[in-house]
């Protein structure tokens, strides 16, 4: 799929202000993403989600993240994530490759 190192740079530039990835990492404006893959929307323990996130009911995997990261507010109307999204498919693939590794270590 994507390039992990390029994905890490994208995460630092576009995501790290609001999210952490390491096990036991703290929630910021957005939830800690450790254990993201295979988890349902709105389920990170200790984070307060909107009903829209809790009720979406999808499981995070490569395909759902590809769609979500392109336009979060379109994929989950009512989400409090203010990020506009990543339009370039290759950048989303790189970010997902990084997240797959970093949220599972």
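Including glycine, each Cβ sits where the backbone N, Cα and C put it.
If you check Swiss-Prot, you get these features:
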{"type": "BINDING", "residues": "15, 18, 19, 81", "note": "heme c binding site"}
{"type": "MOD_RES", "residues": "2", "note": "N-acetylglycine"}
{"type": "MOD_RES", "residues": "49", "note": "phosphotyrosine"}
{"type": "MOD_RES", "residues": "56", "note": "N6-succinyllysine"}
{"type": "MOD_RES", "residues": "73", "note": "N6-succinyllysine"}
{"type": "MOD_RES", "residues": "73", "note": "N6-acetyllysine"}
{"type": "MOD_RES", "residues": "98", "note": "phosphotyrosine"}
{"type": "MOD_RES", "residues": "100", "note": "N6-acetyllysine"}
For the heme c site (15, 18, 19, 81), what does the 8 A shell look like? I mean other same-chain residues with CB within 8 A of the CB centroid. 14, 16, 17, 28, 29, 30, 33, 83
Work out the three-state DSSP category of residue 56 (N6-succinyllysine). helix
Most isolated by CB count within 10 A, of the binding-site residues 15, 18, 81, is 18
Quick check for you: of the modified residues 56, 73, 100, which have their Cα within 10 Å of the Cα of residue 81 (heme c binding site)? 73
Among 19, 56, 73, 100, all listed as recorded positions, which has the most CB atoms within 10 Å of its CB? 19
